[in-house]
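Accompanying notes for the structure given below.
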Amino acid sequence: MLSRKELFKDTLKKAAHAWKRTVELHLTEEEANLLRLYIDQPGYVDLHWVMFVPAIKGQGTEEQQKKWLTMAYKFQIIGTYAQTELGHGSNVQGLETTATFDPSTDEFIMHSPTLTSSKWWPGGLGKTSTHAVVYARLITEGKDYGIHGFIMQLRSLDDHSPLPGITIGDIGGKFGSGAYNSMDNGVMRLDHVRIPRDQMLMRLAQVTREGKYVHSDVPKQLLYGTMVYVRQTIVADASRALSRAVCIAVRYGAIRKQFGSKAGGPETQVLNYKTQQSRLFPFLASAYAFRFVGQWLKWLYTDVTQKLESKDFSTLPEAHACTAGLKSVTTSATADAIEECQKLCGGHGYLNSSGLPELFAVNLPACTYEGDNVVLLLQVARFLMKTVSQVASGKQPVGTTAYMGNIQHLMQCKSVVNTVEDWLNPAAIKEVFEARALRMAVNCAQNISKAPSQEEGFEAAVAHVQLIIVTKFIEKLQEDILGHGVKEQLQKLCGIYALHLIHKHLGDFLSTGCVTARQGSLANERLGKLYAQVRPNAVALVDAFDYTDHYLGSALGRYDGDVYSALYKEAWKDPLNETVVPDGYQEHLRPLLKQQLKLSRL
Ligand SMILES: CCCCCCCCCC/C=C\CCCC(=O)SCCNC(=O)CCNC(=O)[C@H](O)C(C)(C)COP(=O)(O)OP(=O)(O)OC[C@H]1O[C@@H](n2cnc3c(N)ncnc32)[C@H](O)[C@@H]1OP(=O)(O)O
Ligand SMILES: Cc1cc2nc3c(=O)[nH]c(=O)nc-3n(C[C@H](O)[C@H](O)[C@H](O)COP(=O)(O)OP(=O)(O)OC[C@H]3O[C@@H](n4cnc5c(N)ncnc54)[C@H](O)[C@@H]3O)c2cc1C
């Protein structure tokens, strides 16, 4: 119910209070992250911690880190990540902002040469940030060396006014009434703003006092390292958002009753309808699947970071492909699922008090930020095409593409599934996913060799990423899992996750010859049985996410199931209900009614 201005101020207040508590309670970095997570309102601090600090850590020299991170960690400065421009987002190489070195003063001149080069979107830039890592084309000795990162002070640390040459503001209201409107995504134009040479982030490359450009011995892709880090965190966000939506829809489905009353008895819980289960339980399974793959991705990221520290860059391409692919597949699936959960809750799901509209609005942009999902999947396709060609020349693939080394078998194998029960076998499931992914990648590589195209391989990339998710779920179930019967429930969810994908993408599985039509229909039959088996534990499986009512923010998803009184109470809180007769009655309603009454009497 807050206006944009009130909402923004509320975010400032919460962020300041959270920081105060962080200091008072001596919270660790992890605990402070959790505190921000549960505040659950996008704000400038997200960009400060999730992008500004990591960008300096990844791209700054030790000296630069010491100087800037010391201030950033104490919130003496507030930073953002200013990469995207009005005319260029996905294509980072196309950015237009320039950083021209002036050897006479030992400074860079930061400039926005065109309207389209205005920085546009950075969170916190509009009204809050005092500093930013700004991405700009480095020009020295008359040559353009492409995009590099620069630390810039944007606002005075005394009175917060923009520094000379900097025009800065908010880009305006966004989708939904709350959601990202709490964030001051900003626009910024630079008019020949001078910064010292040592504010270029110099871990990847340096400009000497004389203006010479010098490469470091690290790959230039590390410039994109912050995005790899954030994409990894977004997978965990997607799993959390999806589990919230599913928790609301499952709990409500157990309360809501429609039709099916026998002899005057109670109606049927909508969760008992097979159609409801077949729409909802794949999301329940996906929420668990994304959580497990998110945990694995965090491990992969930590591993690649350790390797980078010892100058081993060999796993960087895989880390890029995995973070890009998983960010893309999980956020797209989550946005679609939240929208569907609204429909699964019927009309009440459309009310703000269900919590679903806000959840949808706040998670929808994850399909776009940190890399448009299609653009990122095309990066995965590019990685797969390279791997296929390496396999063809005898190189053994490793990591998530190791299965491609089994090319002889996977290109011609036939699924062993013969009965409904055979679809319980994780090895049989994994084999068809591997065969589908490999065959699609090889087909794509053949098509590209005939008619090269940047856009080929999107579907092959999706198949590969889904294989990763299925594989990581299966691997999770090989670990010890505490709790009586928990593993059995997770096995059922794993089956649902994999088999619903076979159902959804049956065209791919059939056209690549990985399963027959009969095997496809056996998979559907198995799926129906799994839904019925999961039903008795569905509520427990969402209770297990352990969300408080406060965090869930939903009248429909309440733990105690007292849905109707909650909806009723929430309705009365609406400002429209502050008066019995609405504002506007005297000016617009009354004259209309009176006039019509008069006319009818004539
Ligand atoms: C805990 C608290 C909770 C709080 C929650 C916070 C949640 C956080 C969310 C915060 C909210 C919003 C933040 C949003 C921030 C942003 O959106 S920042 C802007 C993001 N922008 C993008 O993502 C742009 C996407 N575009 C790109 O990444 C590149 O332009 C693209 C990769 C598409 C193309 O790069 P190019 O260099 O132009 O071209 P290529 O020829 O394709 O690539 C060259 C080679 O580089 C390899 N590559 C590309 N990217 C990477 C990478 N990231 N890492 C490693 N390697 C990479 C690529 O594979 C090529 O390799 P090859 O030549 O094939 O060997
Ligand atoms: C809420 C939010 C917060 C953000 N925060 C930040 C921030 O803090 N800092 C920052 O720098 N940026 C930020 N961004 C910007 C964000 O990173 C970009 O919007 C994103 O990278 C997508 O780029 P774009 O907007 O240029 O989309 P475009 O690339 O213009 O995409 C438009 C359409 O074209 C398609 N398309 C583009 N290229 C191709 C291709 N090669 N092949 C096929 N189809 C293609 C896309 O799939 C899409 O459908 C934010 C954005 C949002 C929405």
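Note that Cβ sites are derived from N, Cα and C of the backbone, with glycine treated the same way.
Annotation source TrEMBL lists active site, proton acceptor at Glu370. Annotation source TrEMBL lists FAD binding site at Thr84, Gly123. Under the heading domain 'Acyl-coenzyme A oxidase N-terminal', TrEMBL lists 2-78. The feature domain 'Acyl-CoA oxidase C-alpha1' is assigned by TrEMBL to 224-385. According to TrEMBL, the domain 'Acyl-CoA oxidase C-terminal' annotation covers 426-594.
Looking at the residue listed as 'active site, proton acceptor' and Gly123 (FAD binding site), their Cα atoms lie 12 Å from each other. The Cβ of Glu370 (active site, proton acceptor) has 26 other Cβ atoms within 10 Å, all protein chains considered. Summary: among the binding-site residues (Thr84, Gly123), the fewest other C-beta atoms within 10 A of the C-beta are counted at Thr84.
Restricting the average to the domain 'Acyl-CoA oxidase C-alpha1' (224-385) gives a pLDDT of 96. Sorting the domain 'Acyl-coenzyme A oxidase N-terminal' (2-78) by DSSP state (H, G, I as helix; E, B as strand; all else coil) yields 60 helix, 0 strand, 17 coil.
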